[in-house]
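Record features, source Swiss-Prot:
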REGION    1-65  region 'Disordered'
COMPBIAS  8-22  compositional bias 'Low complexity'
COMPBIAS  30-41  compositional bias 'Basic and acidic residues'
DOMAIN    39-102  domain 'bZIP'
REGION    41-62  region 'Basic motif'
REGION    67-81  region 'Leucine-zipper'
Amino acid sequence: MNNKTEMGSSTSGNCSSVSTTGLANSGSESDLRQRDLIDERKRKRKQSNRESARRSRMRKQKHLDDLTAQVTHLRKENAQIVAGIAVTTQHYVTIEAENDILRAQVLELNHRLQSLNEIVDFVESSSSGFGMETGQGLFDGGLFDGVMNPMNLGFYNQPIMASASTAGDVFNC
C-alpha cells in the first residue's frame, strides 16, 4: 500500500512527495505500533502458554504422585490380604486335621458301641439259660463276670489318640 502511494506521489512532484512521505512515515509509525502491539500479544500468548504448560505439567506430576501413592496403598493392602489368606489357610488345615482325628474317634467309638450292644444282646438272650440253676447271675460271679466287670473295662475309658499325619494318611481327605 505504501509503494502505490509513493509511486503516485513521485509522479505528481516534489511538494506532494514530501507530504506523501509524511503520510508514509505516519503509516510506518502506525505499522510499527501495530507490530509492537502484535509482538506484545505474541509475548503475552507465549507467556500464557508457558504458564499453561507449567500448570499442565504440575497437574500431570500430581496425578502421577497420586497414582504412585495409590499403587503403594494397594500393594500394602494386597500384602495384608495375602497374609490373611495364609492365616486362614493354616486355620483350615489345623481344623481339618482335628476333624480327621474326630472322625477316627467317631468310627472307633461306633465300633465299640456296636461291640457292646452285641454283648448286651447276647447277655440278654442268654440270661435265661446260664447260671440260673446254680443261683448265680451272669454278673455276680457267673459266666460273664470277667468280661463285664467294670474294673476290667478301664481300657474302654482311655482316650483315642491319633496324630494329624496318620489321620490324613488313613482318610486321604
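A Cβ is built for glycine as well, from the same backbone N, Cα and C atoms used for every other residue.
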Number of helical, extended and coil residues in the region 'Basic motif' (41-62), per DSSP: 22 helix, 0 strand, 0 coil
Within the domain 'bZIP' (39-102), residues counted as helix, strand or coil by DSSP: 64 helix, 0 strand, 0 coil
